[in-house]
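This report refers to the structure that appears directly beneath it.
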């Protein structure tokens, strides 16, 4: 019970920090760019936070033997229908980003179905893998590939849907990573994992070279990364390898400035400069850069420590669960949270191309927050009612 309580409070603390940073980093954007009231984004995120904590607490009290599969299948099948339905909605009821409709407007709240589909997909993997890979005796690579075919079909269909309807390669990468690693946890061999990663890499390359804006984002990433890498090489070798006339990544450049300005202890809450028009959406995808500037390196370390504690607590719960689908779901939630955090952090630091993935609990966004609270609530439910 101590682990469950600690997980609830650790998650709630991350949510509180996210609400705090939503206010601190969005005030300039709210007033100057959108002409809203100073507390517009803060009130919206606070409302989502309160709702999310209530949902998380409520789900922790339900009996998973009755509700886990029902909720899982609901999150698996309903969000895709909403994603398709968005394209028949008028502009007054839907919002667009990246050339695709991604939100359904519900008055004060905007719903992003894809955020909930990620939880449903994780449930599907846990439910299905526990009936195939976990239940079977050790097989050779050929047998594993045959068993993996249905998963590849489902994932390809999901990737095509998300890629075409949502134009969001970052989410495809995230879900593909969860699928590959969860296969290993369910008993898949290293050979199968290697084949999946190789195939995913080939598909990713194809997706990049067939899209001009993705090629540009790759160039922006390399223009920043080569400056860092080549400082470690002799000048003659660096000059020979350098690709000149590349555009500089605007986001990564200013994110780097923010982290440099923050130093060890930061500029102070609300005193950062990056939010003053340099990065208008710093409270969303670039929230880690905003935290680094206002709270400094130590503040950023505190956030990563909280995430580490949260991950360890979920792994402890997964380890004491006897039902494979329950433990695999917990591991899947860990993978969703940790991969989202790492991909975002590496993007802000210029190590990976910026993917537009939110930082769980910290980035502004009600749908992402509610979806993650549902995931943690289900984990707490499994911990509370399942005897390990």
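Counting starts with 1 at the first residue shown.
In case you wondered, yes, glycine gets a Cβ from its N, Cα and C as well.
TrEMBL entries are annotated by machine, without manual review.
Because the structure is a prediction, the values reported are computed rather than measured.
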Select from 11-30, 71-90 the stretch of residues annotated by TrEMBL as transmembrane segment.
71-90
Between the candidate ranges 258-280, 327-349, where does TrEMBL place the transmembrane segment annotation?
327-349
Do the transmembrane segment (361-383) and the transmembrane segment (42-59) come together with 3 or more C-beta pairs under 8 Å, pairs six or more apart in sequence?
yes
Count the Cβ pairs between the transmembrane segment (192-211) and the transmembrane segment (102-125) that lie under 8 angstroms and are 6 or more residues apart in sequence, then report whether there are at least 3.
no
The transmembrane segment (295-315) vs the transmembrane segment (169-185): 3 or more CB pairs under 8 Å:
no
Highest Cβ pair tally under 8 Å against the transmembrane segment (169-185), stretches 42-59, 102-125, 145-163, 327-349, lands on 327-349
Apart from its near flanks, which chain residues at least 6 from the ends of the transmembrane segment (327-349) lie with a Cβ under 8 angstroms of it?
68, 72, 118-119, 122-123, 125-127, 129-130, 134, 170, 173-174, 177-178, 181-182, 185-186, 252, 255-256, 259, 285-286, 288-289, 307, 310-311, 314-315, 317-319, 321, 355, 357-360, 363, 372, 375-376, 378-379, 382
In terms of Cβ proximity under 8 Å, which residues at least six beyond the ends of the transmembrane segment (102-125) contact it?
44, 47-48, 71-80, 82-83, 86, 89, 92-96, 151, 154, 158, 162, 166, 168, 171, 174-175, 178-179, 182, 328-329, 332-333, 335-336, 365-368, 370-371, 374-375, 378
